[in-house]
Amino acid sequence: MVTYVSALFYGFGGIVVAGVALLVAFQEKLVYVPVLPGLSKSYPITPARLNLIYEDIWLQSSDGVRLHAWFIKMFPECRGPTILFFQENAGNIAHRLEMVRIMIQKLKCNVFMLSYRGYGASEGYPSQQGIIKDAQAALDHLSGRTDIDTSRIVVFGRSLGGAVGAVLTKNNPDKVSALILENTFTSILDMAGVLLPFLKWFIGGSGTKSLKLLNFVVRSPWKTIDAIAEIKQPVLFLSGLQDEMVPPFHMKMLYAKAAARNPQCTFVEFPSGMHMDTWLSGGEVYWKTNLQFLEKYAPEKRKEDTGR
């Protein structure tokens, strides 16, 4: 009996040790997936394929990494709001072009699509601190442009992009007018137990019962729950209730954390929305929700205001 129990104990311990070793060695490959299986790192299409007016933008992050982006306008002199768009963790910005094409039509906006370092045509390798620098470089570029209304820059982020957007919005209260989060997680620490269930006993955020013994090994914790609590700008939360990747209660927790300090928070649920298709399954309600938010919190300047 003792031998059996000992074998069971050591067997379980071996599994945990092996799992932790894999986490330490390959965690970036779990969090950041620039290349989808069976596809190449390059863009399968460009905005030109969808007859969109765009610029190829090359930026340099503060640590010297060369970044690529697309700046897409509804028409050359569009002075509507500008959406700074942050994608999920997998694939590249070309895979979001169809959604962005509809976004431009429905919201009458410009869209700036950034390729994180290591994604698409951008150089370097993805990391949390690196991507935070990349996002700042994109915002600084937009803030310095003279062909857009820089008082109407709104950050949009889905999943990982929401974590990126939350940090950027928190750090730039004078440059970002509002934030839109869609199907975003509370933290990678909380997601570890979702992706690898045995890790929930060892890795977790402040709101979990995890022992948190291994939190220190996570190099990209992306604590959205902490960033959201410090944001003073308006925030729209878009939650797909059929999200198969990020449990929908993550969005509810983010909203509760934000709304406790920020009265300009709006939470909208989409009953049939999954992780990637909430914008599609939500139909006109989805776009109307976004449009109303922009009209309220990133409104067009009145002529008397611009004349002052």
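Cβ from N, Cα, C; glycine included.
As the structure is a computational prediction, the values presented were derived from the model and not from experiment.
Under the heading transmembrane segment, Swiss-Prot lists 6-26, citing sequence analysis as support. Look at Swiss-Prot and you will find Ser159, Asp243, Arg308 tagged as active site, charge relay system.
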Query: Reported as an integer number of Å, what is the Cα distance between Asp243 (active site, charge relay system) and Ser159 (active site, charge relay system)?
result: 11
- request: List the residues of the same chain that sit at least 6 positions away from Ser159 (active site, charge relay system) in sequence and have their Cβ under 8 Å from its Cβ, in sequence order, or write 'none'.
  value: Glu88, Asn89, Glu182, Asn183, Thr184, Phe185, Met245, Val246, His275
